[in-house]
Amino acid sequence: VFILIEDFSKAMSQAGSSQFQEVIRQELEYSMKVELDKILSTASSNELEHTKKDLEGFKKLFHRFLQEKGPSVDWGKIQRPPEDSIQPYEKIKARGLPDNIASVLNKLVVVKLNGGLGTSMGCKGPKSLIGVRNENTFLDLTVQQIEHLNKSYSTDVPLVLMNSFNTDDDTKKILQKYSHSRVKIYTFNQSRYPRINKETLLPIAKDVSYSGENTECWYPPGHGDIYASFYNSGLLDNLIAEGKEYIFVSNIDNLGATVDLYILNHLMNPPNGKRCEFVMEVTNKTRADVKGGTLTQYENKLRLVEIAQVPKAHVDEFKSVSKFKIFNTNNLWIALSAIKRLQEKNAIDMEIIVNPKTLDGGLNVIQLETAVGAAIKSFENSLGINVPRSRFLPVKTTSDLLLVMSNLYSLNAGSLTMSEKREFPTVPLVKLGSSFTKVQDYLRRFESIPDMLELDHLTVSGDVTFGKNVSLKGTVIIIANHGDRIDIPAGAVLENKIVSGNLRILDH
């Protein structure tokens, strides 16, 4: 018997392992279909159509997930992009602007990715509704920027928000406050996909509801979903019918992502007469960006490579600032007609990101996602533009929030620009400890935002509070050990200082 088993396993591994895997794959796919049909059968008549579309999209993604194994790039094929495929911003700016800017602006639609919640900063509800500057939220600043454009050039640039089922209701309620602003605002929802149990690879949802205890059963599948959702919503066709030609897509929490007229002019009036269908703004890496996706040449196409796709042996090489000098800011300019063409041919190819999560009850699940920039290889005549760092100003943490609230930036018509009083064009490195993670804790710890014009580096750890009108210069490190508390007194000037131990300012 032993010999037979050994022979059988050898035969399986040589001839049959791929067949065996194929059988397993088909069984998994069949089980998934059965479960999704059960879920669909619980949909009411007004939910049926869009739930069906969502589950169809998910089924395609799941099918690809079962087909693909391991990192999806062959490291040997990765090459540096050709010189002319990533243009310096200065060169694009040097072309100047046409006399009639309004005619180019009227072809543009601004799209903001608004699917995220503020949970990482301890907030409930959409991240776009967090106050970032003078009581203004991310959404307020976005509307102000576009309104300023429309007023300055007598144009009609609309704002489109891609919401998720997590952010849609709260966002729609707040939109009423902009009803008198000079910006048409549209929304559409990205898909809603079921999370799958890591062990069984089956959905954990039993029905279509996503409220109450079922909220954890569903997820929005990453911003790569924009192409299908935008198309399915009917909004894409409506905007094309209105004569719109390009969308400028960016994350709503990137305060540097404002409409750039020079890039728009380059798209509408290309120097060689051949229009780009897809432009990705990239910027030079610093030590803080080593994990960001980078543009490479792969099989004669520009391709975005993310760290998750890199074979383990090459991760350090991928992070190298000398070999891969740029990263993707996720500011993208895409031709509407190209999205429509590719969507109708089902020809948008994006790598699958497998995102593992552990739910509150301890269950391990995975969610299958895609990233909007990964589609660059599906478009014709794509281009990277190496933009100044100022176009990448994301607010992911309260450390980022401190920078944008400070006097490093001035606010004008919804746009933040680096203060002319700062001698260096670079942003200080700020690291606030876990006591500052939540927005409400962070705000409680600053009586007023310190003067940071001459700051290079700030690290704060432990129970620390700042009085009014504190000034920080050079490198400042403040560490309150466990059980200690440090109160930085009002009016204090800290220059190249390390403060540790206990420092309590007592009221007299």
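Cβ from N, Cα, C; glycine included.
Please treat TrEMBL annotations as automatic predictions, because they have not gone through curation.
Here TrEMBL flags Lys127, Gln190, Gly222, Asp253, Lys396 as UTP binding site. TrEMBL lists His223 with the feature substrate binding site.
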Integer Å distance between the CA atoms belonging to His223 (substrate binding site) and Asp253 (UTP binding site): 14
Between the residue listed as 'substrate binding site' and Lys127 (UTP binding site): CA-CA distance (Å): 15
Packing count at Gln190 (UTP binding site) (other Cβ atoms within 10 Å of its Cβ): 27
For the residue listed as 'substrate binding site': intrachain residues, at least 6 apart, with Cβ closer than 8 Å: Leu113, Gly115, Met162, Gln190, Asn251, Asn330, Ala371, Val372
Sequence-distant neighbours of Lys396 (UTP binding site) in its chain (C-beta under 8 A, six or more apart): Ser120, Asp253
Other CB atoms, at most 10 A from the CB of Lys127 (UTP binding site): 24
